[in-house]
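Pulled from TrEMBL:
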- 12-33: transmembrane segment (TRANSMEM)
- 45-66: transmembrane segment (TRANSMEM)
- 99-123: transmembrane segment (TRANSMEM)
- 143-163: transmembrane segment (TRANSMEM)
- 190-214: transmembrane segment (TRANSMEM)
- 308-327: transmembrane segment (TRANSMEM)
- 369-399: transmembrane segment (TRANSMEM)
- 411-431: transmembrane segment (TRANSMEM)
- 489-513: transmembrane segment (TRANSMEM)
Amino acid sequence: MATPGAASAELVIGWCIFGLLLLAILAFCWIYVRKYQSRRESEVVSTITAIFSLAIALITSALLPVDIFLVSYMKNQNGTFKDWANANVSRQIEDTVLYGYYTLYSVILFCVFFWIPFVYFYYEEKDDDDTSKCTQIKTALKYTLGFVVICALLLLVGAFVPLNVPNNKNSTEWEKVKFLFEELGSSHGLAALSFSISSLTLIGMLAAITYTAYGMSALPLNLIKGTRSAAYERLENTEDIEEVEQHIQTIKSKVSCKDGRPLPARDKRALKQFEERLRTLKKRERHLEFIENSWWTKFCGALRPLKIIWGIFFILVALLFVISLFLSNLDKALHSAGIDSGFIIFGANLSNPLNMLLPLLQTVFPLDYILITIIIMYFIFTSMAGIRNIGIWFFWIRLYKIRRGRTRPQALLFLCMILLLIVLHTSYMIYSLAPQYVMYGSQNYLIETNITSDNHKGNSTLSVPKRCDADAPEDQCTVTRTYLFLHKFWFFSAAYYFGNWAFLGVFLIGLIVSCCKGKKSVIEGVDEDSDISDDEPSVYSV
């Protein structure tokens, strides 16, 4: 029999691993942000903001396997609760995770609706040389106030609109309002916070459809195809320079032929265009020469076979995700309770690879922790690949380009905001891939079944364990706190369901586009990248 002390010691293991992962997340975010920020326009506040916001999102995702581990650890594999897992202990464990989510999600709301917008608008105003710091802060606060109002509206809608107000005709308006506040207090603000986070997750779904789905195909195929040869690009660039110089010389020769008379306006415009083109080509020449002679290019060339192997591995992982997501969505389409329930399914009728693998690994902690970490990091890298290929757009207007070592502070904040929202959506994506695992982990419950015995006449009753699902009794299976946040409102779940189909469609389109595109230039983005310096070529731009 396990004593409460021994049980507590074993439960601490999950939190210790979470603490170690927290340190690893902070180190990863610091390296990641420093890798992309501009070396000429680096700002301390924007760097710290980007690192902190991205770290909070990753820490929130890291809490998912801890949540699942804790609810699973309270029960034996035969479906019975462990001796120490009484109602008070179970409630304490659930509240610990719940308060952890409250804290992290509240910090995320603070970052998204106040701190990141404030820092962004502060540096937008800083671009004006005549603006004082006091004016910058006032202007930034003025624009940030709009985001704060939006956050307040989301919290109010989540707190009051979905609740069931009594329809008693004798109830006064004050009694109805009092009922709303009592319900809000009894749920500890869960509905309000869940609605706000679900709204952000919905935006994260749109970002994942745009960037992650495309990046899942672009990243592996770019690794497999590689980049063009620097020496061959230099040869082509030299030929272009000679051709442009000939055009310039031809136009200038017209001056001598016309006895010093000025050139027509048409020739002046053409001359100006050719001279700008010549400056761009000479800049490319300097960068190509630098990259061709650098040790990094030679080192990357030696790693070419390894990149091909990684590309093949990533495309196989992408296909695994796509197949699992397709089977999960198909299961919901065929066997769910309908759109009014958010397409909730009772049990897994169509098994997919990840839905079978995660509950199996969950029994040997921390194998599932490792797999979820790999999944989240995979989504981060594929999202980053999509953002680098597509850029940050507002409808048809390109706002920023993301380049290693050349990303402006405002673009860096945009980048981390998008990644934060995508990581929030990752929790629901994991639920879509393995709904039973996210809801109940490896919990089982006992059901009574009738058996016929040869030695005794009549039937006897036997209790057999069954895997917990949405049809299980509430007192026999403990739902994870993650699930409560994800599925508090059915209409968000319905939107996520249709978003998964869009995700699959964009992935297939991105796969076709990536296959048709040729190899990237070894200095792709140098021509139009305003952040690059002529005298600071970078070998890490590819």
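One is the number of the first residue shown, and numbering goes on along the chain from there.
Every residue, even glycine, has its Cβ placed from backbone N, Cα and C.
Note that the structure is a prediction, hence the values are computed from the model and not measured.
Against the transmembrane segment (411-431), stretch 45-66 shows more Cβ pairs under 8 Å than any other of 45-66, 99-123, 143-163, 308-327.
The transmembrane segment (308-327) makes no contact with the transmembrane segment (99-123): fewer than 3 of their CB pairs lie within 8 A, with pairs spaced 6 or more apart in sequence. Segment contact holds for the transmembrane segment (190-214) and the transmembrane segment (369-399), given three or more CB pairs below 8 angstroms at sequence separation of 6 or more. In summary, the transmembrane segment (369-399) does not lie against the transmembrane segment (489-513): fewer than three C-beta pairs, each 6 or more positions apart in sequence, are under 8 Å.
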